[in-house]
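Novice: Pasting a structure here, questions to come.
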Amino acid sequence: MEVEPEVAAEQLKEEPMFGVLDITLLLVLLGLGGWWLLKSRRQAEDTSSTTKSYSIQPTNLGTQSTDSSFIKKLKSSGRSLVVFYGSQTGTAEEFAGRLAKEGIRYRLKGMVADPEECDMEELTNLKDINNSLAVFCLATYGEGDPTDNAMEFYEWLQNSDTDFSGLNYSVFGLGNKTYEHYNEVAKYVDKRLEELGASRVFELGLGDDDANIEDDFITWKDKFWPAVCEHFGIEATGEDVSVRQYRLTEHPEVAADRIYTGEVARLHSLRNQRATSWSRAVASQSKASRLGLALRNTRWFESSWGKKFSHEISASVWDQCPPSIVMHLGRPFDAKNPFLAPIKVNRELHKCGDRSCMHIEFDIEGSKMRYDTGDHLAVYPINNEELVNKIGELLGVDLDTVITLTNTDEDSSKKHPFPCPCSYRTALTHYLDITSNPRTHIIKELIDYTKDPQEQEKLRTMASTSPEGKQLYNQWVIQDNRNIVHILEDLKSCKPALDHLCELLPRLQARYYSISSSPKVYPTTVHITAVLVEYDTPTGRTNKGVATSWLAKKNPSKTDSLPLTAPIYIRRSQFRLPTRPQTPIIMIGPGTGLAPFRGFIQERDQLKEEGKPVGDTILYFGCRKKAEDFIYEEELNEYVKKDVLTMHVAFSRDQGHKVYVTHLLDKNMDEIWKVIGENNGHLYVCGDARNMARDVHNIVLKVVQTKGSMTESQALAYVKKMEAQKRYSADVWS
């Protein structure tokens, strides 16, 4: 128990039994206590006066290092190359790893770094390391958005005036040409770093995932390294870089409760569900100064600070919140901590025919998860059991062997390629992508495991950068659509070590679906609309979509003893209804592009039932045949009867000549202009990016030019302004 100084003095007078030593010790203790309190107060004041410009760092339940200094790691391990990645699906991270690995050949020992886990302001100190180079492999997704893990770095770079003189850098972007904002993130970072004084070592590389992004990367990389050698005055050593990154450990005996069985990050997280709370998210920040920074730079947060943190925050507050704050703190479950949601409904939407479209409802009651109309649902699928077993058979391996793969680079923040320890079966089922086309670096690694000379030569040719090699790879792997199982089946003498294959294969990623419900109508469930993916390949095989074929089997019935479940989380979208319900809207969504608009219509119907004024709600929908694939037909017709919805439908194969939604749009130019030109309305597009969305964009330009009496350049500027104002929004995929 602490004693106040005044009380202590009185006690000393009344009780002279205390000696000089007692008094001295007491004063020393009081002095130390006062010094400690004063120091704590000064530290708090110093933290509050910090002037850095970083927002709150996200919670990372995976392999985050406690030390965010990548400069310290570079210096301590004698490295000079750091490759940062901004990755949403794992491809950018994979490319970054390949670049860092190849640096050995050029006397540039490299490391891969996640900008989310690094203090990126340290980039200014990279020049202190001799022959240092920073490479950025950055993907763009959505409407020109950075990936989740690159969000903070991107925002900081936008607002920074840091002097990057002496920083050597290069950028490779990953994008898709079917999207309007093709590789926008990489283009911006490349330009911005130059503006801030950094030196570009080699030109910006642009990868197109709609074509052959592997070929784009190799072509860029083959020119990148000679430019690096010239810049630093170095030469290639010619050393082979086929070096194992992970060390295998088998566990003959390990407690079952210490083995991962499919969890994304935390052991037993799918059995013991635990929300990622605000307080835990804040407490886990590696730098307290970033928290203080976010508090000062975010007005809405300052005004809310001191109130009880809650996930039940109003939509209006979230709409004012910076994306990085929402992403890091706004969801009780996330990519590293998904919610195991029971599937309540899984029903077929197609009336007949050989195709299938599922309406699936996930139960989120009690999870504190919230979503907004237009958001995306991420689903973690598992691989087909037959494919998994086939790999074990082809390689003669007991898939129930429990293993750990440990990074041989002790300085890497990524200690394991996936959660370990786990069995080979778990890794191939839950963690590794075994259905995509293997990239050339995997093909190259397979050569050493192949005995037949002809099969060896085939692999060697495909792994090369020669025109013949690229053509063979494109035909045999990409066009013929072979996955790793097909390759092992067709190359009989190829028997790679399974642990090495586990190291090489990319991580299995979550699949994203536009949410087809409104939280105002369905607050405790979230709905998706998904077409079952199944098709024949040129080799006579049948390929199946990983997620949809898995979900198709999860058909709940009253006789089920346990609920059928799937790991999910919500990903926020910018696809939003107007804030004013009176604003008229046009929704264009053929096929499953209807999904988010089902939620839009539900929400507007609810508002109308509450007696609120609602603007025109116009839908353009298209499918093949009315009798087969007119999804949600009864629901939509009911909204039309209630005068909630105006609907235009195109059935492409119900007549001699094909009719698409674009034909209907072309006929209804007056209606479109009335909404987007005269009444300041919103236009939304959802569906195919390659053809439909592009055709719609051209029609909108035509409408603005014709009905708005504008020149071509004026119409283009008008549509650009609509996009900037979020009055023209697209949620599309290729």
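Cβ atoms are placed via backbone N, Cα and C, with glycine included.
Sharing the feature lines straight out of TrEMBL:
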type	residues	note
TRANSMEM	20-38	transmembrane segment
DOMAIN	81-225	domain 'Flavodoxin-like'
BINDING	87-92, 139-142, 174-183, D209	FMN binding site
DOMAIN	336-578	domain 'FAD-binding FR-type'
BINDING	R355, T592, S652, R653, K658, V659, Y660, V661, T662, D695	NADP(+) binding site
BINDING	R511, Y512, Y513, S514, T529, A530, V531, Y535, G545, V546, A547, T548, W733	FAD binding site
Novice: Considering every residue in the domain 'FAD-binding FR-type' (336-578), what is the mean pLDDT value?
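Specialist: On average, pLDDT over the domain 'FAD-binding FR-type' (336-578) sits at 95.
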Novice: Just jot down the residues in the same chain as G545 (FAD binding site), at least 6 apart in sequence, with C-beta under 8 A of its C-beta; none if empty.
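Specialist: Within the chain, G545 (FAD binding site) has Cβ neighbours under 8 Å at L532, V533, E534.
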Novice: For W733 (FAD binding site), what residues in its own chain, 6 or more apart in sequence, show a Cβ-Cβ distance under 8 Å?
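Specialist: When sequence neighbours closer than 6 are ignored, W733 (FAD binding site) has G687, D688, A689 within Cβ distance under 8 Å.
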Novice: Looking at the binding-site residues A139, R511, Y513, A547, whose Cα is closest in space to that of K658 (NADP(+) binding site)?
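Specialist: Spatially nearest to K658 (NADP(+) binding site) by Cα position is Y513.
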Novice: So how far apart do the NADP(+) binders R355, T592, S652, R653, K658, V659, Y660, V661, T662, D695 get, largest Cα to Cα in Å?
Specialist: 26
Novice: Taking helix as H, G and I and strand as E and B in DSSP, count the residues of the domain 'Flavodoxin-like' (81-225) in helix, strand and coil.
Specialist: 65 helix, 35 strand, 45 coil
Novice: Quick check for the class: what is the C-alpha distance, in angstrom and rounded, between G90 (FMN binding site) and R355 (NADP(+) binding site)?
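Specialist: Cα of G90 (FMN binding site) to Cα of R355 (NADP(+) binding site) measures 30 Å after rounding.
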Novice: Have a look at the binding-site residues R511, T529, S652, Y660 and say which one has the shortest Cα distance to N176 (FMN binding site).
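Specialist: Ranked by Cα distance from N176 (FMN binding site), first place goes to R511.
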Novice: Which binding-site residues are spatial neighbours of V531 (FAD binding site) here, meaning Cα within 10 Å, out of Y179, R355, T662?
Specialist: R355
Novice: Pairwise over R511, Y512, Y513, S514, T529, A530, V531, Y535, G545, V546, A547, T548, W733, annotated as binding FAD, what's the top Cα to Cα distance to the nearest Å?
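Specialist: Among the residues the record ties to FAD, max Cα distance equals 23 Å.
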Novice: How many Å separate the Cα atoms of Y182 (FMN binding site) and T529 (FAD binding site)?
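Specialist: Distance between the two Cα atoms comes out at 27 Å.
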Novice: What is the one among the binding-site residues N176, S652 whose Cβ has the most other Cβ atoms less than or equal to 10 Å away?
Specialist: N176
Novice: Which of these binding-site residues is closest to S652 (NADP(+) binding site) if you go by CA atoms: Y179, R511, Y513, T529, A547?
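Specialist: If we rank Y179, R511, Y513, T529, A547 by Cα distance to S652 (NADP(+) binding site), first place goes to T529.
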Novice: For the binding-site residues G90, G142, work out the Cβ neighbour count at 10 Å and name the residue with the minimum.
Specialist: G90
Novice: If you count other Cβ atoms within 10 Å of each one's Cβ, which of the binding-site residues R355, R511, K658 has the most?
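Specialist: Compared across R355, R511, K658, the most Cβ atoms within 10 Å surround R511.
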